[in-house]
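Novice: Before anything else, here's the structure in question.
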Amino acid sequence: MDHEEIPSTPSTPATTPGTPGAPLFGGFEGKRNGHNGRYTPKSLLKSCKCFSVDNEWALEDGRLPPVTCSLPPPNVSLYRKLGAEFVGTLILIFAGTATAIVNQKTDGAETLIGCAASAGLAVMIVILSTGHISGAHLNPAVTIAFAALKHFPWKHVPVYIGAQVMASVSAAFALKAVFEPTMSGGVTVPTVGLSQAFALEFIISFNLMFVVTAVATDTRAVGELAGIAVGATVMLNILIAGPATSASMNPVRTLGPAIAANNYRAIWVYLTAPILGALIGAGTYTIVKLPEEDEAPKERRSFRR
């Protein structure tokens, strides 16, 4: 019976992705059988402290009982988290900035849709590949907003932001070495007035953080599709504000290329508006989401965590 695969009843672990110190984009991971790498009834139950695997009767009907016990958060060291955050941010900044540079160099061959798709896909693949390790913040505004709402420990905020800034600068200088002297195409500068640029960056950062908070901290949101949902939001925001502000939404998307190109025009807009928008967006979702004690909706949902 140890090696027989038996489907389990869906459940919600007590350790949610929003728990301080736990990955923000993560899911259930039980222990696997050492011989074939498959989940077995006993390996699943052993990960839960509220079941005794000595009672074989619990498995005789061919299904596992509902699992409602607490699951310990993954034991990931801070160094691994920072490494994953650095690599993830590096990929994001390199992809988004490189597409903008190539678009300028080729007289618009990438098009606005291409730039939006590049950034959105980069966000999606990084969340899917590193979210279970570091939470895949990739953005100081996201880190600060999560910390403000107690979804992330404040003591880790400086080192997370440090990793993000280092990744941004590294990506920018790598691109400068490749594309010099066309590095200016990757710098986010507004083509509208400063007040309009600030408003647009605030709004699109609000949009982004509202969605991120939903999929990362609410177990009733479509957590398995977090990468797709956040990537699609980034694409939408670039289509909205790309021609006007370059749609930064991220202080390090602006900071690294600005340093590499020595172009700090209107940089204060891109360092302040995304953080304020993220704080308000995260707070707004926290206010409007269903209370934890509410009953689940009676109608069936297409996706569940």
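Keep in mind that glycine also has a Cβ here, set from the backbone N, Cα and C atoms.
So Swiss-Prot says this about it:
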type	residues	note
COMPBIAS	7-23	compositional bias 'Low complexity'
MOD_RES	Ser302	phosphoserine
REGION	1-30	region 'Disordered'
TRANSMEM	82-102	transmembrane segment
TRANSMEM	111-131	transmembrane segment
TRANSMEM	159-179	transmembrane segment
TRANSMEM	194-214	transmembrane segment
TRANSMEM	221-241	transmembrane segment
TRANSMEM	267-287	transmembrane segment
Novice: Select the range from 82-102, 194-214, 221-241, 267-287 that forms the most Cβ-Cβ pairs under 8 Å with the transmembrane segment (159-179).
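Specialist: Stretch with the highest Cβ contact count: 82-102.
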Novice: If we call contact 3 or more Cβ pairs under 8 Å (sequence gap 6 or more), are the transmembrane segment (194-214) and the transmembrane segment (82-102) touching?
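Specialist: Checked: the transmembrane segment (194-214) vs the transmembrane segment (82-102), no contact.
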Novice: Under an 8 Å Cβ to Cβ limit, what residues of the same chain, 6 or more beyond the ends of the transmembrane segment (267-287), are close to it?
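Specialist: Distant contacts of the transmembrane segment (267-287): 139-142, 144-146, 148-149, 188, 190, 194, 197-199, 201-210, 212-214, 218, 245, 248-251, 253-255, 258.
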